[in-house]
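Just passing along the structure, written as structure tokens.
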Amino acid sequence: MARDLIGPALPPGFKERATVEDQERDPSPVAGPALPPNYRSSSSDSSDSNEDSSSLSEEGNQESEEDDAGPTAKKQRRNQDRDDDDDDDGFFGPALPPGFKKQDDSPPRPIIGPALPPGFIKSPQKNDKGRENPGQVSPFFNSEEAESGEDEDIVGPMPAKGPVDYSVTAEFEKRAQRMKEKLTKGDDDSPKPVTRESWMTELPPEMKDFGLGPRTFKRRADDKSGDRSVWTDTPADRERKAKEIQEARKSLSKKDEENMLSGRDKRLAEQVSSYNESKRSESLMDIHHKRLKTKAAEDKNRHQERTPFDRDKDLKVNRFDEAQKKALIKKSRELNTRFSHGKGNMFL
């Protein structure tokens, strides 16, 4: 036997060195998977011719032996050869071990891709070598398969399971009711005037310190900084405000006319003032004002000299706290209403 070849073959330009032992040995198959039955290597042509001649001689000998043995032995031999030929057809790859039995039919190949519609079937086609290849799709409609898959291949909404309550009269009544509502309420599809939302036309609430102020409760409500609507007023709003101001001025002028003193009151007031100047002494308020005026004039004309430190004058210490100051201002505001004459007739 020849030496087993392991590894890649030599290029065609290089010739393998043959030894005497290799020439004496019989050629053996190359290590690796066997070739398909329809393919043969070129190196084995000579050996195949020798094998063919030897096989022919062996077949002749076998036929002669079978003739001697009888017809039964010849029939068994033919059946065995036919089984061997069937086993070799369509085989690729290495042979199975002797303990395993070859399957009669190869398993179906898995389908890759979308499935065919239920009415189409692939027609198998035979190849040149006798093998079946999947052919073109034929639009052959199988009625039995279609009937079995009717329930599974439903596309669209399912039909109603119960009786359908549909009445032509009820549909007409609904349409008439809709038309009646549309006529009574007006056309809802009419274009509405486009108005901006409030956040587009109004200023946001005024924020002080942006959350950085003291975390205490408010003692009193914040005073309004003023009318901030000037920034968002439209021409219509400005015209409306101007009319309101004019009406307010007219009402004030009417009140002033009502409060105007009559000629009789003016005449009596002049007589009373002249009588008081001639007959009565000065009031305490007038005396106090005169003293303050004279003192201020004297201090202005007096020569200024260095005086010792006086805490009240130099530091101007406030003798009233905030609460006393507010109470004094509030009481002084009421003096005019307490000691003034009425708004009507001054004299009876």
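Keep in mind that glycine also has a Cβ here, set from the backbone N, Cα and C atoms.
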According to Swiss-Prot, which stretch among 7-12, 157-162, 319-324 corresponds to the feature motif 'GPALPP motif 1'?
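Going through 7-12, 157-162, 319-324 one by one, Swiss-Prot flags 7-12 as motif 'GPALPP motif 1'.
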Just to confirm what the record says: which one of Ser143, Ser198, Ser274, Ser283 has phosphoserine annotated in Swiss-Prot?
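Out of Ser143, Ser198, Ser274, Ser283, Swiss-Prot attaches the phosphoserine annotation to Ser143.
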Examine the ranges 113-118, 119-124, 335-340 and name the one recorded by Swiss-Prot as motif 'GPALPP motif 4'.
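Spelled out, Swiss-Prot records motif 'GPALPP motif 4' over residues 113-118, not the other listed ranges.
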Do you know which of Ser55, Ser148, Ser229 is annotated phosphoserine by Swiss-Prot?
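Record says Ser148.
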Quick test of your reading of Swiss-Prot: among 93-98, 135-140, 171-176, 213-218, where does it put motif 'GPALPP motif 3'?
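That would be 93-98, per the motif 'GPALPP motif 3' entry in Swiss-Prot.
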Can you identify, from 32-37, 86-91, 128-133, the stretch that Swiss-Prot calls motif 'GPALPP motif 2'?
32-37
According to DSSP, how is the motif 'GPALPP motif 1' (7-12) divided among helix, strand and coil residues?
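Going by DSSP assignments, the motif 'GPALPP motif 1' (7-12) contains 0 helix, 0 strand, 6 coil.
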